[in-house]
Each structure stands twice: as structure tokens, then as C-alpha cells.
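Listed in TrEMBL:
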COILED    27-100  coiled coil
DOMAIN    25-97  domain 'Transcriptional repressor Tup1 N-terminal'
REGION    116-143  region 'Disordered'
REPEAT    268-302  repeat 'WD'
REPEAT    303-344  repeat 'WD'
REPEAT    359-401  repeat 'WD'
REPEAT    402-436  repeat 'WD'
REPEAT    524-560  repeat 'WD'
Amino acid sequence: MYNRHMLPNNGNGNMKSNQNPTFYEMMDFAKMEFDKILQERNQYQSQFKDCEAKMNEQENEIMKMRELLIQFENKHLEMERQYKQEIKKLKMELENAGMSNMNPDIRMRNRFNENVPPPPNLNNNRDAYMNGNIQNESPRQKQIKTEENYYRPPPPPQLLRTNNNQVIQEQVITGICDLDPDKIPSEYKRDGPDWLVVYNPKAPRLLNVDLVHNLEHDSVVCCVKFSSDGKFLATGCNRVSQIFDVANGQKVCELVEKSTPKDGDLYIRSVCFSPCGRYLATGAEDRIVRVWDIKKKQILYNWAGHDQDIYSLDWSKDGKTIVSGSGDRTVKVWSMDTRNCILTMMNENDPTVPNTKDTQMKDSGVTSVAISPIDGLCVAAGSLDKIVRLWDTRTGQLLERFDGHTDSVYSVAFSNDGKSIVSGSLDKTLKIWDISPETLQYLSEEIKDKSIFEPIVTRKCRHTFAGHRDFVLSVGFSPFHQFSNNRGDGQEWVVSGSKDRTVTFWSTNQGYNGDPSSVTQFMLQGHNNSVISIALSPMGGMFATGSGDRKARIWRYTQA
């Protein structure tokens, strides 16, 4: 800085006193201002650093709070998942406690609704739920009850009487009732990652089983069905039907009906392909049969006519007709040519049942239908009234009535030659019925005057398979197989899926070395819930299962 003592004088030795003091004062003032500004700057810098430190500290606190929130959210999600599992478990226990006392119609509804417990109040109404008696049980009682059902021995042979009051003992071929994997030697078991096959120690091992594809769904898988060439599998669940490529397990199509209200459930109860594979028919709780163009993903036809839920569909081999079965006790035949219903058969018109108050068929809803695979001239229908009926698809004539189950029939299927029918029931058994020679003669046109034909009542079945520990929900015949080994040549298997979560393969022969208990080939535990639906590939070697655990699975069976 300038100093007044360092400045030069004016030549005479005297400084310019009249001017320099003002300059020096200005310089001092500038210096003071500069020092003041410098001091303020340092103060502001200090304040800035303090603020920056506080901001960093607050940012660290916010990050810690965020981590805590993330931890709380994860804990909440885990607790929610555990609660949902516990609720689902309790619902299953409640269902197991109430299913045995429930009306058949309610059991049929709950079959598809993922273990939904029955309502507490039941209305005695034709179109609603029938009377039921639901009892409350403790968890231990439920456990004991489940264990008793699990190891309950097969029912004793039933005594049947002919028209001449002659007593005939029905042939009961018994499967394994105490097939406990913990008690079976390891050489008779085959483990997968989440499935188990248990072979019958009393029968020669003819088949191997492997899981091919696991197909996850968003809801209960109510039905599965192969296309006629075996290349595709269709499934039905809540509001959607899906089609999968059997070769790679990839979903190739999803069919959703968008015009229906979005609130509530709408389970697709049945699906079936047309023989050409271009179309898919679906039946649901809204009582409408829909025919879809698979490639365009569009509905071709909406057929309304049933008064209650549609439980089953089948497409004739010639592709000309579709048959539907409903809880309204009717079987309807729909024509692809005329695009409407051309025939209705109703269980109440069964002339073999006396029309009295004691025999009125209030619980005769149709649960399953199957068209004869040979000529399509007849349709078999299983009903809640324990009966399997055979109807003429041309005239609506009742041809034969198969009476032998002690509880509702849930599933029916024809044998490969069309001369036998297998039925699965809530009485935990399967029965094979041979169509009578008189009915076959009627269908072969050898009876000219069909108006005089009287429906036949058959009470003796060829086989009864007893071994499942809970309701039999789905049945089917396998195609004939051409194994290279003579042990399996021409073998036709009966396959069943049950609420006991298993699939069983049964031999239609008399048993190994005459032992009737050897008719069971194996039992497959492949799901964590009821096996609601099974389907066998028309090409052989594969079968599919649909379950309440929200999975459909494709399996391969080969010669052992």
C-alpha cells in the first residue's frame, strides 16, 4: 500500500500538504473497505461450509431412513406372503373338513374355485345351493379325519340283483390303498425335483414317467386338452384360455373374452379343439359356449342356451357338432353348420326313473360329456345323481343308464373302440362299463323301428378300481401303444386324477397272475393341490394334468 512518508516532496523539501491528506484518506478508506469485504467473505465461506456439512449430514440421515423403509417394506412383503400362505392353508383345511358333508352341487363349484370354503347359509333352491350340513372341526380333528381318509381300506364288493332277483357280486379290482412312499422300498420309487412316482410292488413295471413341461398359470387350472395331432395343449383357468406348444412348452396363444364384466371370477370349465385344430371351444360359468378362431384370436360364435354353468364340452370326430353338459341337467348338441342348438337331452326325461316325489332328480346336473370316438352317434354323460347316461346324438333317445356309483359322477370317457365307458366318482372309485349288445345293435342300424327301443339299465360294471383316497375328478383311456416289448403291446391304460393330488395308471387287464391288486401300475404325486383335470395325447406317450396349485404339467410315459 502507499505510505505518505515514502512520497517525494515538491523540490523545496515540503510536501503538498493541501492535497496529499485527501488522497491518503481515500486510500485508507479503500483499504478498510477491502478488509471488511475480505472478512465478510471469510465469514460467508465459513457459513457455507457449515451449511454444506449440515446438508451432508441430513443427506446421510435420509439415506439411512430410506434403507430402513426398504427393510420395513421387505419385512411387510414377507409377512404378507406368510399370511397368504397361512390363509390358503386354513382354507384348504376348512374345505377338507366340509367337503364330505357338502351338497354335490357345491362340491362341483368348489372343485374349480381354489379351495373356496362353502357359504355358511345354504338355500334350498333349484338354481342355487342345495341343503348342506357344514360342521366345525378343530385342526387336530381335521388331521385325524384326513389320515383316516388317506388310509381307508377299499369298499367291500357290492351285491347286485338282476330282474329275477338273482344276486350277483360285482367284481372289484382294488388298487393299493396304503401306498405310503415312506414305507415303499426305494427301488419302487422315482423322485423328481418336486414330484414322485411310486410303483406297485405287486405288478411288473411296464412304464417310466418323466416331467416334460411345467406351465405356470395365474389361477386354478380347471381343464386341459390336447389337439387331435397332439402338438398343442389348451388350458382353461379364470377368464382366459391358453394354448401351449407341446414340443417346447411355449405359450402360442391366449384367448380372453373382453366383453364380460371384469368384476368377479369367470372360470373356463372346459376346452376342446376342433379335429382340424383351427378352432377352440370353451365353456364357462357364464353359461355360454364360445367357438374361437385360434389364429385370429377372435370369437366366431357365442351360443347361449344353458341355464346354469357349463361343465364339459366335446367335439365330434367329424367336426360337425359340439356337445355341452351343464348344471341345468341338460346335454345340448350344437351344429357347426346351422350354428345353433339342434338337440337337447334332459336327465328329467329319463324314462327309467319313476316320476314321483321320492325320485325327482333335483341333483342331476351334468358334470361331464364324451362323444363316441368311432362314429359320434352317442354321447355319454355323467351326472350329480350318480348315474352315467348314454344318449343318441341324432334323436335324443336315451339308450342306456349305468347305475352303480354311490356318489356323484364327475368324469366320463370312452375307450378307443367306443364299446366301453370309464367313469370317475366322488365315491373315490372308477368303473368301466361295457355298452350292452342291444345298444350296439341299435347304433349299428340293425334295429329298424327305433321307436320301440326301451332304454337299458345296467347295474353291473366290468371293473371297479378302488384305491384313491379322495374324490376322483377326471378319467380317461390311453391310446393303444405299440411297445417293442410284448409286455406292453396293445395295452390300454385307464388314467385318473383325484382330489388326493395324485394321478394313477390302471391296467384294464385282470391283473398280474390273477392278482386283482396288481392292476395299479403306478401312482404319481405331481401337484400340491387337487388334480382337477387330466388329458391323454391322442398320439400316445404323453398326458397332461391341471391342478388347483395353478399349474398345468405335461408328462411323458414310455416303456420301462
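Glycine too: its Cβ is placed from the backbone N, Cα and C atoms.
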Message: Are there residues at least six beyond either end of the repeat 'WD' (303-344) with Cβ under 8 Å to its Cβ atoms? List them, or say none.
response: 105, 108-109, 127, 269-276, 281-285, 287-291, 361, 364-371, 373-376, 379, 381, 383, 391, 393-396
Secondary structure content, the repeat 'WD' (524-560) (per DSSP, counts of residues): 0 helix, 23 strand, 14 coil
Message: Per DSSP, what is the helix/strand/coil residue tally across the repeat 'WD' (402-436)?
response: 0 helix, 20 strand, 15 coil
